[in-house]
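Chemist: Annotations for this protein, taken from Swiss-Prot, read as follows:
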type	residues	note
REGION	484-559	region 'Type E motif'
REGION	560-590	region 'Type E(+) motif'
REGION	591-685	region 'Type DYW motif'
REPEAT	75-109	repeat 'PPR 1'
REPEAT	110-144	repeat 'PPR 2'
REPEAT	145-175	repeat 'PPR 3'
REPEAT	176-210	repeat 'PPR 4'
REPEAT	211-245	repeat 'PPR 5'
REPEAT	246-276	repeat 'PPR 6'
REPEAT	277-311	repeat 'PPR 7'
REPEAT	312-346	repeat 'PPR 8'
REPEAT	347-381	repeat 'PPR 9'
REPEAT	383-412	repeat 'PPR 10'
REPEAT	413-443	repeat 'PPR 11'
REPEAT	449-479	repeat 'PPR 12'
């Protein structure tokens with residue numbers, strides 16, 4: 001039996017209206033529709049409109065359109081109801097078809113129509129049509145309608161026509177926060193974040209209070225330009241206005257502090273959040289990774305898993321980046337196991353992080369397998385493979401990948417050639433390096449960067465051709481930076497040209513007056529040359545400026561745990577065994593005729609003390625732990641935050657020969673693969 005019974009004619013319209021309002025299923029609505037037809041009311045636009053709105057409430061867009069199309073003379077209100085339903089259900093092209101039907105039938109346009117149609121133009125990528133509607137809006141007398149004009153403003157902003165958008169903005173009376181947001185979005189979409197921030201400040205000065213959505217958007221603009229001052233001004237404004245900081249606002253604040261390197265503040269905001277979603281955790285983890293806090297990034301990732309949150313692509317990438325920084329290969333591979341491998345192979349963002357991790361852990365053979373398995377590749381992935389192969393000594397293979405890039409129709413960029421040139425530097429391939437360097441501008445019409453010049457200086461310096469290297473620096477179209485001068489300094493070390501090294505270090509000190517390492521190296525050059533007074537002057541200058549040498553840290557991963565060492569570090573539980581192992585190795589090296597190279601320690605330290613300090617540099621302690629904790633034949637992988645000193649480099653070669661172990665050390669410049677008494681860098685780094 002039907003639940004719908006339409007009574008006498010005098011009250012049936014009112015009762016149908018009531019039945020429509022209380023209908024709780026689509027079947028109820030269909031029964032009402034049947035009753036309308038039976039009582040010849042299916043052309044009553046008022047009742048049909050009520051029924052249509054109710055069907056749209058249940059997202060029955062096809063049935064709604066059926067009701068509409070069977071109405072003999074649909075009016076503008078019926079059109080507006082269906083247009084509103086279509087827009088809310090993301091049927092933007094269908095919305096535009098309805099609008100064209102309105103125009104075809106010559107119906108009077110309602111102020112409610114334009115905002116919806118203009119929104120559909122934006123979402124259907126029909127902005128040209130939206131701009132064309134501007135004259136119609138004016139013609140129909142809606143040029144003072146805030147909703148219609150704000151929708152037009154969104155069209156102009158989204159099209160990048162910001163001058164026109166601003167003119168329109170100035171014409172709108174009683175601008176609401178929605179109007180300001182529309183113009184603001186245009187600036188951010190066009191990458192003009194600084195102007196967007198200034199617009200927000202102007203809005204606040206005019207007494208318009210932003211909503212939380214706007215706050216998130218302006219904080220995101222601050223993130224893009226690294227504007228911490230404006231970000232903190234916004235936070236202060238929110239506190240003065242007693243605005244609540246929801247999770248979106250707080251997460252964006254975490255992102256801002258992380259972008260600006262203020263990790264303590266980022267963590268403070270993070271810890272203050274009662275509820276954190278995966279986006280918040282990922283933001284904090286990536287912040288640690290990008291600000292050189294890899295241990296904290298890994299710890300937070302593990303804590304996130306304890307909260308039963310499934311990692312997303314951003315948290316995984318942050319975790320892998322942290323593992324890459326520490327050379328924590330086993331830990332990284334454990335993290336990979338948390339995500340389906342197919343997802344890595346189809347997600348370019350994650351695949352890039354995975355290849356980068358393998359490359360930085362000295363396991364590029366595994367990274368290259370990932371690269372080969374990927375069906376789709378872009379220039380970022382190609383560059384990751386080229387750079388990873390080159391830095392791990394597989395230079396010819398990196399050239400082959402470059403050839404594959406061209407065959408796939410992928411255009412190389414500056415990073416592509418940077419990877420290729422790094423490979424040429426590490427392998428000493430001068431002619432190949434010159435070929436790639438010239439191809440950057442002559443073949444591919446790309447602009448050479450200071451990093452490209454730095455590689456060429458490094459290449460000449462490696463060959464001992466310091467005159468060519470220095471000439472290239474003088475001919476550079478831009479001012480040489482610390483990378484370029486540092487490359488020349490490496491060449492000076494190779495040929496022991498202390499005079500040029502002194503000149504280079506003075507340039508480095510001028511560029512990086514805060515870098516204590518440059519002062520230390522200059523002091524050591526003076527001391528080696530017997531220029532004690534000048535060496536003392538440099539040290540006095542350091543003391544007056546309160547400068548201290550950056551401590552050298554080394555890390556080694558064993559069974560998923562990262563162990564950290566400083567020079568002369570005795571904090572490790574196995575310190576006694578570590579030092580005993582180094583003592584045994586030292587005795588064997590002395591029997592082989594090895595004498596420590598004490599020039600790598602400050603000159604004002606006694607010779608015996610110099611040898612003791614050198615003997616316990618952080619990388620030696622890490623290697624010793626690896627030797628006593630792993631099986632014979634297992635590769636030992638160590639990461640150091642600074643350049644490996646000359647003495648440690650010689651010691652590593654001898655240890656690899658004595659123990660018959662492969663030792664891979666990644667310093668802040670390159671990989672060193674020590675095997676059977678030799679290093680892959682050929683003693684140039």
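Using the three backbone atoms N, Cα and C, a Cβ is placed for every residue, glycine included.
Mind running through what each feature is packed against?
Modeler: Within the model, the region 'Type E(+) motif' (560-590) shows a mean pLDDT value of 94, rounded to a whole number.
Residue counts of the region 'Type DYW motif' (591-685) by helix, strand and coil are 39 helix, 16 strand, 40 coil (DSSP-based).
Taken through DSSP, the repeat 'PPR 1' (75-109) splits into 26 helix, 0 strand, 9 coil.
Using a Cβ-Cβ cut-off under 8 Å and counting only residues 6 or more beyond its ends in the same chain, the repeat 'PPR 2' (110-144) has close neighbours at 76-77, 79-80, 83-84, 86-87, 90, 92-93, 95-96, 99, 102, 150-152, 154-156, 158-159, 161, 171, 173.
Taking DSSP states H, G and I as helix and E and B as strand, the repeat 'PPR 3' (145-175) has 23 helix, 0 strand, 8 coil.
Using a Cβ-Cβ cut-off under 8 Å and counting only residues 6 or more beyond its ends in the same chain, the repeat 'PPR 4' (176-210) has close neighbours at 146, 149-150, 153-154, 156-158, 160, 162, 165-166, 169, 217-218, 220-222, 224-225, 227, 230, 234, 237, 241.
Tertiary neighbourhood of the repeat 'PPR 5' (211-245): same-chain residues 177, 180-181, 184-185, 187-188, 191, 193-194, 196-197, 200-201, 204, 252-253, 255-257, 259-260, 262, selected by CB-CB distance under 8 Å and a gap of 6+ residues from either end.
The DSSP breakdown of the repeat 'PPR 6' (246-276), given as helix, strand and coil counts, is 23 helix, 0 strand, 8 coil.
Shown for the repeat 'PPR 7' (277-311): DSSP residue counts in helix, strand and coil, namely 26 helix, 0 strand, 9 coil.
For the repeat 'PPR 8' (312-346), the residues of the chain that approach it from at least six positions outside its boundaries are 278-279, 281-283, 285-290, 292, 294-295, 297-298, 301, 304-305, 353-354, 356-363, 370, 373-376, 555-557, 559-560, 562, 637-639, 666, judged by C-beta separation under 8 angstroms.
A Cβ distance under 8 Å defines the sequence-distant neighbours of the repeat 'PPR 9' (347-381), meaning residues of its chain 6+ beyond its ends; these are 313, 316-317, 320-321, 323-325, 327-329, 332, 336, 339, 387-389, 391-392, 394, 397, 401, 405, 408, 410-413, 415-416, 635, 637, 664, 666, 671, 673.
Residues 352, 355-356, 358-360, 362, 364, 367-368, 371, 377, 418-420, 422-424, 426-427, 429, 432, 444, 446, 670-671, 673, 680 of the same chain, all 6+ positions outside the repeat 'PPR 10' (383-412), place their C-beta atoms under 8 angstroms from a C-beta of that stretch.
With a cut-off of 8 Å between Cβ atoms, the residues of this chain six or more beyond the repeat 'PPR 11' (413-443) that come close are 379, 382-383, 386-387, 389-391, 393, 395, 398-399, 402, 405, 449, 451-452, 455-456, 458-460, 462-463, 670, 680-682, 684.
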Chemist: Within the same chain, where does the repeat 'PPR 3' (145-175) have neighbours whose Cβ lies under 8 angstroms from its own Cβ atoms, ignoring anything closer than 6 residues to its ends? I mean 6 or more beyond.
Modeler: 111-112, 114-115, 118-119, 121-122, 127, 130-131, 133-134, 137, 182-183, 185-187, 189-190, 192, 208
Chemist: Mind checking which residues of the chain, 6+ beyond the ends of the repeat 'PPR 12' (449-479), have their Cβ under 8 Å from one of its Cβ atoms?
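Modeler: Residues 414, 417-418, 421-422, 424-425, 428-430, 433-434, 437, 440, 485-488, 490-492, 494-495, 497, 500, 684.
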Chemist: Within the region 'Type E(+) motif' (560-590), count helix residues (DSSP H, G, I), strand residues (E, B) and coil residues, in that order.
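Modeler: Helix, strand, coil within the region 'Type E(+) motif' (560-590): 16 helix, 5 strand, 10 coil.
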Chemist: With DSSP as the yardstick, break the repeat 'PPR 9' (347-381) down into helix, strand and coil residue counts.
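Modeler: The counts are 26 helix, 0 strand, 9 coil.
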